[in-house]
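Taken from Swiss-Prot, the feature Mo-molybdopterin binding site covers Cys192, and the record attributes it to similarity to another entry. What Swiss-Prot records for His576, His599 is heme binding site, and it gives sequence analysis as the kind of evidence. Taken from Swiss-Prot, the feature FAD binding site covers 708-711, 725-730, Phe737, 742-744, Ser792, Thr795. The compositional bias 'Acidic residues' feature in Swiss-Prot is assigned to 66-76. Taken from Swiss-Prot, the feature domain 'Cytochrome b5 heme-binding' applies to 541-616. The domain 'FAD-binding FR-type' annotation in Swiss-Prot covers 656-768, and the record cites sequence analysis as its basis. Annotation source Swiss-Prot lists region 'Disordered' at 1-77.
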Amino acid sequence: MAASVQPRQFGHLEPGSAPVRGAASSNGAKAYPPANGIPRRADSPVRGCGFPPLVSPPPRKPPSDGSDDEEEEQEDWRELYGSHLQLEVEPPVRDARDEGTADAWIERNPSLIRLTGKHPLNCEPPLARLMHHGFITPAALHYVRNHGAVPRGDWSTWTVDVTGLVKRPMRLTMDELVNGFPAVEIPVTLVCAGNRRKEQNMVQQTVGFNWGAAGVSTSVWRGARLRDVLRRCGIMPSKGGALNVCFEGAEDLPGGGGSKYGTSITRQWALDPSRDIMLAYMQNGEPLLPDHGFPVRAIIPGCIGGRMVKWVKRIIVTTAESDNYYHYKDNRVLPSHVDAELANADAWWYKPEYIINELNVNSVITTPGHDEILPINGITTQRGYTMKGYAYSGGGKRITRVEVTLDGGETWLVCVLDLPEKPTKYGKHWCWCFWSVEVEVLDLLGAKEIAVRAWDQSHNTQPEKLIWNLMGMMNNCWFKVKVNVCRPHKGEIGLVFEHPTQPGNQTGGWMARQKHLETAEAAAPGLKRSTSTPFMNTTDGKQFTMSEVRKHSSQDSAWIVVHGHVYDCTAFLKDHPGGADSILINAGTDCTEEFDAIHSDKAKALLDTYRIGELITTGAGYSSDNSVHGASNLSQLAPIREAIKAPAPVALSSPRDKVPCQLVDKKELSRDVRLFRFALPSSDQVLGLPVGKHIFVCASIEGKLCMRAYTPTSMVDEVGHFDLLIKVYFKNEHPKFPDGGLMTQYLDSLPVGAYIDVKGPLGHVEYTGRGEFVINGKPRNARRLAMIAGGSGITPMYQVIQSVLRDQPEDTTEMHLVYANRTEDDILLRDELDRWAAEYPDRLKVWYVIDQVKRPEEGWKYGVGFVTEEVLREHVPEGGDDTLALACGPPPMIKFAVSPNLEKMKYDMANSFIVF
């Protein structure tokens, strides 16, 4: 929130006792009849969420603050959202993908297309399903944009604070919001600013995930006008500095090192009666669903969804606009030349001219659908074909015309508009409309592409070509559908229609195909035909089904699918920096999301060397979003099953499974060091991580999967939990990394009770005890260990040291540790290392190296500077057949300090030097 004023002392802090209709139930809660007489199923999502059904608000009455608004007759929208709307939607269910997450309690519609993996939920309905329901979208099918876990709201205890530059700060209960203010009920189309973003990602990857063309929905919203609430609280005049109204939600989010979701609008907007801004508590005649902001959210018609804060807890009137992390680092359209590095370096995020508020004009072709086939025969050519779609604009502007072209814009057909919405008394149009046009089938037969564009009442229209921007927002270029000739049946021809993309990680779309061709053409001149580049020989026209890919899931044949391409990575198993397990964990699967989460652009370019063909999507039997697969003939690894509890006593029963683990304790050991304890799914389980291996911690951060490797510090036989020691890299502390560590800041922001997913074991090194290692599947014995660690790279060394010392006196392995850090305060696990070195002087010798001494008066007795040849010669043994060097730390340290100096010390760098 903007920090221009301090919150004022509340004059009305205690929840009030505004009268609410209804009798007391047996459990003491208020009992209410169903809203609008609509019966609710026993499994309704409204049940069990800590709130009663709502009655319709009392009859409208003039505001008590002297408002001179002209009262208008409100329309009755019940026929649009009556019982027939609910009956057309299948019952919500608890999705297996939510199991083990903070959203496990929420029931959701199973047809929603998930765009960001398991958690948090970001989804859109299938485009055909969205259009089937017409003007009003059932709440269960409304698109969802969540930044984190859904707060568990309770109607009876929820309050909204209104504070800042107001004369009468208040804390309003939900009953007061419903009964104390006149209700307004209007239909409003909500659109995510990222709608159609996947088209931009096909040109160049943005920082956002893959929205398709269904990030748009329309509901009838009921609530209290924001202006009435602000007037009741006595908003101060603009001359007194009351220029902005900030909203803050209830979620605990990782952005900015931990924050709520917040944003703001101007005072002028907030008080403008023509804008119909409300604090909504009902959607389509029902209380809000949890995903849509229960119990109360902001609705700002004509604006992007990102301004409409859900789960509203605070409204603060301020001088400056919100200073919330998400107000600046989200919902911006930056110039096309600005990439992430430039945006951070030159503070483009904070330039006010690039903020998005009102929607732009947009339109989409929904009929013909993607992969729809139109047979060409004597019957179809005698009648027209009706194309259909939707269109919308922002700021209350009405769509005035929609046009379709079959010849690349040379000529245009004017479409018939269906405008179900009447203008408001101020002449505003807050909803989408639909269009249709009948074309001759023979004209379609001669077309290679069809495109649509819309115009609004200000004569704004859509550009022909896509305009890329870093966040991939406000994409509104012509929506183009390719037309191709096919043979659906023997002896018959037809037309197959191809949309530009498919949402999320679903394969298909002409833009993906076009990008693949461009990539191949660009790569071809520099590639040689050889067995290491098999796609040069076999890609042309080669296609595989997912069932074929699943057969290749072992060391003998390891195939993966990434973005619809099939890759044979068998030849790369021995060369992968993370070991063969890093590939085998995903062999035989579509690992698009996980590959993107942990690989650089260089690695992505290298992957194309191993492309052998394209994936055939075979319908409902396949999902590219890390779906649950059935059994296959794997020799080493089991198939992926997301979030399935492993049988006791080992939690990590398969390196492919994501295991949900709950944060049960968090200790702050220093300013930037945290010790986390995560409970395993069952209290009698051990983690099952061999010494030397690591796990992946997986989380969805800012809508994208993030995965990082960590080695627990707890003992391998610890029952019921494991511990992670994490150094938090905060933003704005290192000039080369202004955003800090994405995962470490996320973990630091997690509240106790939250869940993460872990996968493993992973890694190419395992210590089996008494000097015996297994490295890349081959046994190796060592009597002496040279251990060089930097920063948090101490954790795998710590596991090996711990294992050796627990097996005394049998394990006679000698360990020589050189541990580098910036200062003495950055040394992790120092107390344990010093204690062990003192207790076992014949087994463990420790030498610290730091860049600078912060407290010279304490008498620092170890090294200062860098890890040099001199340091290594003095503190680790010479190379030899019985000596093994283990290293873990920043890549520059390994490359420039460790590797060249160990080579000078006669280490066999191919067989006796291991980097974790």
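Backbone N, Cα and C atoms are what each Cβ position is placed from, and that goes for glycine too.
Everything Swiss-Prot records as a feature, shown here on the structure.
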{"residue": "Cys192", "record": "Mo-molybdopterin binding site", "Cβ neighbours (10 Å)": "23"}
{"residue": "Arg708", "record": "FAD binding site", "Cβ neighbours (10 Å)": "19"}
{"residue": "Tyr710", "record": "FAD binding site", "Cβ neighbours (10 Å)": "22"}
{"residue": "Leu725", "record": "FAD binding site", "Cβ neighbours (10 Å)": "21"}
{"residue": "Lys727", "record": "FAD binding site", "Cβ neighbours (10 Å)": "18"}
{"residue": "Tyr729", "record": "FAD binding site", "Cβ neighbours (10 Å)": "19"}
{"residue": "Phe737", "record": "FAD binding site", "Cβ neighbours (10 Å)": "14"}
{"residue": "Met743", "record": "FAD binding site", "Cβ neighbours (10 Å)": "21"}
{"residue": "Ser792", "record": "FAD binding site", "Cβ neighbours (10 Å)": "22"}
TODO: For the residue listed as 'Mo-molybdopterin binding site', just give me the three-state DSSP call.
DONE: coil
Open item on the list: Return only the integer: C-alpha distance in Å from Cys192 (Mo-molybdopterin binding site) to Phe737 (FAD binding site).
Closed with: 29
Open item on the list: As a quick check of your reading of DSSP, tell me how many residues in the domain 'FAD-binding FR-type' (656-768) are helical, how many are strand and how many are coil.
Closed with: 8 helix, 54 strand, 51 coil
